[in-house]
Amino acid sequence: MHMNRINIRDMSLEEIESFISSLGKEKYRARQIMKWLYSQGAKSFDEMTTLSRAVRDQLNEMACITLPEIARVQQSSDGTRKILFRLQDNSFIESVLIPGKHNWTACISTQVGCHMGCRFCFTARQGFRRNLKPSEITGQLTMLQFYLPEGPEIKNIVMMGMGEPLANYRNTLKAIRIITSDYGLGFSTRKITLSTSGITPMIEQLGRDLCINLAISLNAPTDSIRSELMPVNRKYPLDRLLQACRNYPMPGRRMLTFEYILIDGVNSSPAHAEMLCRLLKGIRCKLNLIRFNEFPDCPFKTPSEETVLAFQQILVKHHYTAIIRASRGRDILAACGQLSGKALEEKL
């Protein structure tokens, strides 16, 4: 533990500039430090050889660099990899690397556990422990890049791991700004998708603060079904949620994504599909249809392939783009709704 020293990876460029100035050093040193942290992946100030020894000594005295530690990696038969990270306080989170034809997609977490209580989600079973710091969000990407030193790179980032990103808004926003900064990880905002259960005021705030891709975990065409599956809907019902979606800025040809987990006998009938079409009328969007991924002691079942295809065909008939998403990593509990760092934590 680094008691009383600030983790410099929790700081923005402006904060590092202020910090460096307080040490009597030139502000441009902050940009050098950012480059070392994110472009070079420096794990210590001693690696930052463009800084004088005196500056490095000062930084070592006042600050530290801490990153999540890879505790375990599991590989699925389809190539998906689930990474268990140990944090400084011995909490555990999970990230997922999903292989594409020419690159990787990184699915990262924003909280230790989750308090949203969605009934179809394994993460909800472990409860909520705490929010992740900016360094713990960006640190997942840095460590995943270390893990993939050669070959295809990480090109896309989805904030769909453990936790509700908009319930950890300030830290998530700060992390995204570091991820997209020229002095940070340098990702385009077009390559980042944030998934939310639907905290409506924060969707509106996100639209004012950033321009990233937004995915809504919808999962039901009516308030009664959605409130049963997702307690957040009792506070932010569908009419208010969809109004926020209609107002969300989508430059160019971007579209909102609605994620719809198909659960047998709950939300997957042809009548549900017809209601969904009416609900989303007028919103520029696409739908990701996801077969419910079963987990230990879950109360729900995966629908048949026939049910899934029939649901998709109704959406397509109404001119919606509806993609049936392959459930990657199901055999290692790395698929949608299956992450739970606690499950592996107890075995370490």
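From the backbone N, Cα and C atoms, a Cβ is placed for every residue, glycine too.
The following features are taken from Swiss-Prot:
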type     : residues                                               : note
ACT_SITE : Glu94                                                  : active site, proton acceptor
DOMAIN   : 100-330                                                : domain 'Radical SAM core'
DISULFID : Cys107-Cys336                                          : disulfide bond
BINDING  : Cys114, Cys118, Cys121                                 : [4Fe-4S] cluster binding site
BINDING  : Gly163, Glu164, Ser195, Ser217, Leu218, Asn219, Asn293 : S-adenosyl-L-methionine binding site
ACT_SITE : Cys336                                                 : active site, S-methylcysteine intermediate
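Of the candidate recorded positions, Glu94, Gly163, Leu218, Asn219, the one lying closest to Cys114 ([4Fe-4S] cluster binding site) when CA atoms are compared is Gly163. If you take the Cα of Cys121 ([4Fe-4S] cluster binding site) and the Cα of Asn293 (S-adenosyl-L-methionine binding site), they are about 9 angstrom apart, rounded to a whole number. A sphere of 10 angstroms centred on the C-beta of Leu218 (S-adenosyl-L-methionine binding site) encloses 27 other C-beta atoms. Counting only the Cα atoms, the space from Cys118 ([4Fe-4S] cluster binding site) to Ser217 (S-adenosyl-L-methionine binding site) is about 10 angstrom. In the three-state DSSP scheme, Cys114 ([4Fe-4S] cluster binding site) is classed as coil.
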